[in-house]
Amino acid sequence: MPLLRSSQHIKNTYWNIPKKSFRTGVPQFAESKKTRILHLHPLCKSASGVESPPFFDSQTFSSISNRKEFRKMATTVPQVVSLDPTTIPIDYHTPIDDLSIEVKDISAEACPADEGLIVFLLNSAPKHSSSGGSGGNGGSAGSSGNGEGGAQIKINSSVKDNTINEFLKEGNMENFTGKLGTSKSFYIANDQKKYVSLAYVGCGPANEETELEIRKVAYALVTLLHDSKHKKVSIIFEIKIEEALFRFFLEHLFYEYVTDERFKSADKSTETDFIKNLSLHIANADAYKGQIDKARVYFYGTYYAAQLIAAPSNYCNPVSLSNAAVELAQKVNLECKILDVKELEELKMGAYLSVGKGSMYPNKFIHLTYKGAQTGASQNEKKKIALIGKGITFDSGGYNLKAAPGSMIDLMKFDMSGCAAVLGCAYCIGTIKPDNVEVHFLSAVCENMVSKNSYRPGDIITASNGKTIEVGNTDAEGRLTLADALVYAEKLGVDYIVDIATLTGAMLYSLGTSYAGVFGNNDQLINKILSSSKTSNEPVWWLPIINEYRSSLNSKYADLNNISSSVKASSVVASLFLKEFIENTPWAHIDIAGVSWNFKARKPKGFGVRLLTEFVLNDAV
């Protein structure tokens, strides 16, 4: 019996999924769109107040016109034994789908205090001051307490309850300083003698809120939400916050609130009381209402990417990942093309194909396309963009095995984070549907394994642009797959090429776990990415491509080596290598090796989805 087989008797292959999930009983392929497909909440209103129907309920899928064509693009996942997984379980329905959100002007309407949880977001008081304001959102009740440095924290807002307003006036801030990420909870009776939960969440000093601080605030708030189990929650913003940061706050609040339990044997989600109503009380509310829909879309895109990254490699392999991309394309009406090994051979993608030779799973090249409507006077106004994500579903290092301490081989399922970010962006763009932009979502997906067929150190391989590469290290595989993907992208005739990849561990030492690094050959393009970084609140830092180091990639026998012979700046060297496969197109490379994974929480961040989406939208009209 051959070791590698595709059993015809397995009933849970990708296109024959049972109606019930193996873990939760959530309907899979044959159920209604309402529970299967990502969508905007039916009650979600736009800035104009017009209710929007669920996105997918109003769409027709013309790119993949029928089930037969859909099946044709997908591939049966190879198995060694019949119990091997054949699909990536993805939760397309989350508690956020059922969450009704309202944004209310705190200066015009006080927060009700009849039931549920009321949370005050508070800045710490200024140091060395006897009194201070927290944001000036207006109101009648006042409260003071000891802040940092002996100063006072003051609440300016009121609620629709005299008893609670009196409680707020009394202070009750002992041991609460407003320090970032801290909280204090109360359980008190209101005028109707019903008990109401109150909480303070510290946001740190005023005017210092950034992406990093908002993450901590959201995490502290989520802890309160899970502990309280209230279905109705009101959040009173006693802080000033920019619109983009407000949106990011919601995105991260949603992301932290949803728990990934796909691989648990019991369905714990049914035992949880999820919130159903969320009221956001903030000054100048009209300016923030338009951010709600966008926050939902960005959350879904990020959570979708995170699910792919978190899926272990026996579930997420090149075939199952490409199948997931096909399904996504159908759902958001994208054109879809999956290139198999034969087609890749015809394109002479020798660098990419070499990396996957040791795996039981064949290479799969994902190409999804979004074509926005042309609304301008000239067709030339339509920007064409290629986004490339590194898609190594597991990186053992190959014959240069990740065996050294700190090599984190157990985490190498995350080496397809770039691909996940691109697919998450594809969801967002397919949902928002911007005009005057065409986007190609690309990923050269494979697995870097050790076997008798694996490529070896010292091999000389030929990329699709004809350049020969000496393999100095099989663990520098990502740049080989990206090389052929860059050549493919440039042939599409796009205006910009942006690749995103967990490429070099050196990013952990240069920028740590908070900032991604961006390299490129075009200052204007990099500035666009930096601008998108600010509006998406996904931090990126511009790093140089130092041409002086190019000679360290020289090979005695080939055109170049895939690693440097002398230079230790491996992130810069990797960028120099990629640059060899770009001719004239403006190109940027984003290295997310340090920021993709949340090491403390032991889960992915989904980094890059918002950044890439903002980048695309900034070029759309």
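Including glycine, each Cβ sits where the backbone N, Cα and C put it.
Residues Lys390, Asp395, Glu477 are recorded by Swiss-Prot as Zn(2+) 2 binders, and the candidate that the same record lists for that site, out of Asp415, Asp459, Asp499, is Asp415. As annotated in Swiss-Prot, region 'L13 loop' covers the listed stretch 400-417 rather than the other ranges in 274-291, 400-417, 436-453, 580-597. Apart from Lys390, Asp395, Asp415, Glu477, the residues listed for Zn(2+) 2, the same chain places the Cβ atoms of Gly391, Ile392, Met412, Met416, Asn448, Gly478, Thr481, Ala501, Thr502 within 8 Å of the centroid of those Cβ atoms. Other than Asp410, Met412, Asp415, the residues of this chain whose Cβ falls within 8 Å of the Cβ centroid of the Zn(2+) 3 site are, in sequence order, Ser313, Phe394, Asp395, Ser396, Lys402, Met408, Ile409, Leu411, Lys413, Phe414. Cβ crowding, taken as the number of other Cβ atoms within 10 Å, peaks at Arg479 among the recorded positions Lys402, Arg479.
DSSP assigns Asp395 (peptide binding site) to a strand in the three-state reduction. Counting only the Cα atoms, the space from Asp410 (Zn(2+) 3 binding site) to Asp475 (peptide binding site) is about 15 angstrom. Nearest by CA distance to Lys402 (peptide binding site), out of the recorded positions Met412, Glu477, Arg479, is Met412.
According to DSSP, Asp410 (Zn(2+) 3 binding site) is assigned to a helical segment.
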